[in-house]
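Annotated in TrEMBL:
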- 15-35: transmembrane segment (TRANSMEM)
- 102-551: domain 'Amidase' (DOMAIN)
- K150: active site, charge relay system (ACT_SITE)
- L199, S225, I246, G247, G248, S249: substrate binding site (BINDING)
- S225: active site, charge relay system (ACT_SITE)
- S249: active site, acyl-ester intermediate (ACT_SITE)
Amino acid sequence: MDVFDVQKFISDMDINWTPVIAATVCGAGALYLLSRWRFNQKIQKKILNARKRRDKSLQQAEQAVQLFKTQNPDFESSSIVSLSLPELTGKLKDGSLQPDAVLYAFMEKALEVNKNLNCSTEILMKSVAQLKDINTQKKGLLYGVPISIKDNVAYEGRDTSCGVVSKLDEPALVDSVVVKVLKKQGAIPFIKTNIPQGLLNYDCSNPIYGQTLNPCNLQKTSGGSSGGEGALIGGGGSILGLGTDIGGSIRIPASFCGICGFKPTTMRLSSCVKGQKSVLSSLGPLGRDVESLALCMRALLCQDMFSLDPTVPPIPFNQEVYESSEPLRIGYYENDGYLQPSPSMARAFRETKDLLERAGHTLVPFQPLRLYHALHELTMRGILGDGGRTLFSHLYAGPIDPCLRDQTNILSIPGFIKKLISIVLKPFVSASHLCLIKQSVEYIQEVIAEWRRLNVDVLLCPMLGPAYNFRYCGSLNSALSYTILYNLLNFPAGAVTVSTVTEEDEAQLRHYRGVHGDMWDRLFVKAVKGGVGLPVAVQCVSLPWQDEMCLRFMREVEQLTAKSKLTRKH
């Protein structure tokens, strides 16, 4: 019987097929809804289990702290957590402080900070067991120092979720190289910190662990993606931490939370982010001051690092460059021509520039080259070279966090529509990734040539701030121009807090028009509004592999700022 016979057979039958078809369709719909319900139940169960693990670790930490306090009635944590890192390492070395007291002091403070800011994804209770053998690491530069690590830094036996449900229940099989090296240097990783969903956002919220708050103002975001680190260190719950940075993810939380953060040259340290070729991610430290960052770099740049990861060039920390006091030739720009700085950003930059000039350094105007090309053609296409499919695949396997909705709306546009838009708007742009890498290399060489022509040692520029109100980060990728450029260039860059937002800064926001006067500039005003008292930073930059020079410049800015504040105080 061919198809026409079948059709005739059906039509000859005296049957009303409408309810049959309707029942079939309804049945298929019911099966889909049932499968979707089961999928959602599975997702919710994974989220609930992750939260239970976090809560259990917090409870265990509280119990461990209470037990230690009972056994040591004279224990008082505030005098320990208020020390600077050099002071703390000195007391640990000379034996006036013991590693167990230091660990429990920071554990107690971290628990307190986390209750207010929701900055932790888990307390690492293996840190207590690490105390048993800690005396074998007495020669380590970070002997007995509790350290926090960003959630995506692998720690054996614990999840590295990146804020997405699809990566839950997949504990790391081994420690990452940097964690191994930290342990060999005597450091004690004791807490993992929160991140935004999927990491490609500079807020700090995800559907597993929720929103992290700013330690300086609970109505503001801590920044991201190393936002848990920024909040914990800014709140006093950690003295040193590790983050990662692919667009400002170390520097922005440092700026928003009033601390210091450093993005080294990519591959100066062993990375935990693989696969990116055009715009490179860096692993780096966050701390209360620049000396903490330099000490962390000294500790990590050791033979253990070079042996465990042979792809890292064996270049030890150059202490001589870091400690140099020779006058610097400093390039600078106040406005990159893409985003007009907020009033507090601009004022903090100008004050820092004036301090550097008065200290005997030479300031030379420097303007970013072909910034629109760098950001639109090289940076954005480099980060989302697959059209965002990899990121979206992870986000799709669970609820989407509100801070990512604007980004996911763009990522979810069907591929054929994206291609149509690209044909209309960019008819001459090659889609070849090899071509993109070639263009990026050429751009880097062009910037270095300009740097050499001006004969500058380092570069001073504004740093994004102050901290945003919630839900604006995902809508303002354009505001990343001051930070993400140096990921594309692979230049070391660091954020140093130098000031706070004044009433006058806030009043000047009413007159802010931006570079373009468009909806994004108006949105930026709404994002930073209500920032009086919040910290403001500047950004310091150097050429690739001159990380010590960048840190030396950051230290100079920090010291001049502190001296200026002291002078004004008296």
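Our numbering is plain: 1 for the first residue shown, then up by one each step along the chain.
Each Cβ is built from the backbone N, Cα and C atoms, and glycine gets one as well.
Rounded to a whole value, the Cα-Cα separation of S225 (substrate binding site) and K150 (active site, charge relay system) is 9 Å. The two recorded residues, K150 (active site, charge relay system) and G247 (substrate binding site), show a Cα separation of 16 Å. The binding-site residues listed here are G247, G248; among them, G248 has the most other Cβ atoms within 10 Å of its own Cβ.
When the binding-site residues L199, I246 are compared by the number of other C-beta atoms lying within 10 angstroms of their own C-beta, I246 comes out lowest.
Among the residues L199, S225, I246, G247, G248, S249 said to bind substrate, no two Cα atoms are farther apart than 11 Å.
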